[in-house]
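Working notes for the structure below.
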């Protein structure tokens, strides 16, 4: 049987071959409609678009998705990109593509055949209609190299129409291929066959350092093959990522060490196949050493070297003024080195060193200048002042090119050289052990082929300067001040300048003005004031005096006495349960002997560092070890040491490493042992827990011991939790409030510790045993019932309060409500009840232990509700400050309480005092105080409580003015808000109502 690949692969190639060779600028409108795209979505890149560069060119960006199998140089690559700018993305040919028909289980390749385009494109495939895109998985793969769609094993769900979509990532322009139909043959199903790699990277891949490399590998086969990758003779870089079901190996930021041979392998149960390709990483040249501008005298030798790295290794060539420079005559060139012997004026110019490999070139530029001038002296004459008995140098440094010939004269005679008068190689005339006889004019003559010049040096010899700094050694204590005086003895014809130094560094009086002050006392004397001296000011102080002839430095030493410095490293030599042996090294005594050491400790339980007791006590200054005593067992400590002397106490040492003291039997008993409460037949014992600081070891717990008062044997119970604070003991045999002797002890893994002192604790009295008596319930209103009772007989289980339960007749007790008294009150008013309803009520006592029995239920019926209709038709007659008020009587309904009277409320606006008047009649007389605005309200009274309130009556009286005796007014409230108020003014004789 022949290979199964030939039939279906041939179908795919034939259907797309003709389209692959053509690209015309016509796209059917129907394809745009399928994608529902804008009409201009197929627009191409404009001339300003920036094309992305190919990886193999070495200048590409990391996100370019594919590699060319033909490496391009940088120049040819740029040229090819320029060709594409006018046609970055054309449209597909509008010719209909032929269908592809395969058996189920076969593999198939659908050709994209993209039109000419720039490199900045990505491929995708539309299945049947937009926006249904083909999803890539282990069975389907879209190559970003060719744009083709590869289906490893065709399934019935793959049948449909396929359109290749090409997108320009720079402009988002998109073009579509004509659809390619895929159908299934009906002559059977394809059997299993071994994989065949249909997509793979080139056998040789060239990539620039730093880019992202994508290697594609996909195979057709049945069952669907699995793709694996490996690097021959090495490991795949850790930064590499597998994409698209392992069909793409992506290596970001590729480096030289990533070069090598990579293999992809496709396998299924029928077999396997592999492909290998070599990845080569290159780099452009980079400079290691460059040439620099140079000035030389004619006749000298020039040597330049340039050096670069790159892969492949770069070669070198030289240019002068843009023209090639080769080895000939005085010029020698060897790789990156050039040598020119006896340079001349004609050698001046611009030089370039070029380092290049096949991927690029770099340039290093430098200018060479050949100098030519007659000798010239910048300073002439020169005044030189020397010190008697010291050496003196007379320099001769003319500007000249080429180098001139130098001669020295004194007067008209050439100087005769000797052991005392020497001419150095730099043409400097040196006179050893100068004397007064050496004073005079010295002439230096410089001459070359371009001319000559002379310079005169006038030499004066002066007496040596002497500098005295006093005191030369001084001791002070921290905080004191001192003055150092510097006096210079010198030739009076010379000016002298002073400078102060501290430990060989100049003193900055602006920055250190707090402690240092410069004081000029005389022209040849200066003082240094040092105030508020610190330990850091100890050291050597220098005074430098300088004239044009001489420089002299005098020094003095300042010793500063102060508290000791910190001792050295503290080491814990030995540790026990309550002691720690420490050692340390001496610190600086700062010129005052150390008298004592203080040992300090810190633990998680201490407030910072605390001084500890020591053995011996005290720890004298000549000791470097001591024992810290009276520590707590099983506690982690850090230690430090502080030294003291006659000046004061110094800084502490660095802390020691943390150490834990050893375990010991507990030594601290629990405090505040007490108890009581609890349920019936319970003995509750409580205490304050012992702090972890005093538990002295692991396995810490409590021993609770108790016995009934008057008995001999103790009962002991272990409480294993170190945080426990309570123990409860229950015994049905002992009665309530039985007195017990109680003590609480401690223990740990090392043994038992002490007990607390014995205290008397009573057992719980229990919950109340008897119910309250003589319970009575009486209705107060339609919503309130007063309940009263008497407490039960005295005895154990005394109530601490009472709970009243109440519920309506015909309801379950569980659905009722409960209220508790605040203390031992024996009455309660139940509120919020329904009117004209029968309630059942019980009372029970309670305390902290629980509740007692409830009383038998008593009943009480709330009264009918008060009248809902308010008093109406209010009328009043006001005569001065007297008001006669009347209203229509209120009649109660059948379900309301009968009216037994009325309540009239008189209140003044802006004041809190109210006046209440009760009457059985529907009228009353009110007396108003002088001045103000008053409000009157009326309510009906009934056994069920107060009825609804009437409308308000507002009255106004004038302050200090009474109404005339012969005037009165009659008023009536409107029956509705739409009525107009009626005011009648009656003129009647003044009379009493």
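One is the number of the first residue shown, and numbering goes on along the chain from there.
Note: Cβ is positioned from N, Cα and C throughout, glycine not excepted.
Keep in mind that TrEMBL annotations are predicted by a computer and have not been checked by a curator.
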Out of 651-675, 676-700, 701-725, 726-750, which range is noted as region 'Disordered' by TrEMBL?
651-675
Between 42-65, 66-89, which stretch does TrEMBL give the note region 'Disordered'?
42-65
Per DSSP, how many helix, strand and coil residues does the domain 'Ig-like' (195-280) have?
3 helix, 53 strand, 30 coil
Cβ contacts under 8 Å made by the region 'Disordered' (651-675) with residues that lie 6+ beyond its boundaries:
563, 565-572, 575-578, 580, 582, 584, 587, 600, 602, 609, 631-642, 683-690, 694-698, 700, 702, 742-757, 759, 761-762
With DSSP as the yardstick, break the domain 'Ig-like' (285-369) down into helix, strand and coil residue counts.
3 helix, 55 strand, 27 coil
For the domain 'Fibronectin type-III' (771-865), what's the mean pLDDT in this predicted model?
89
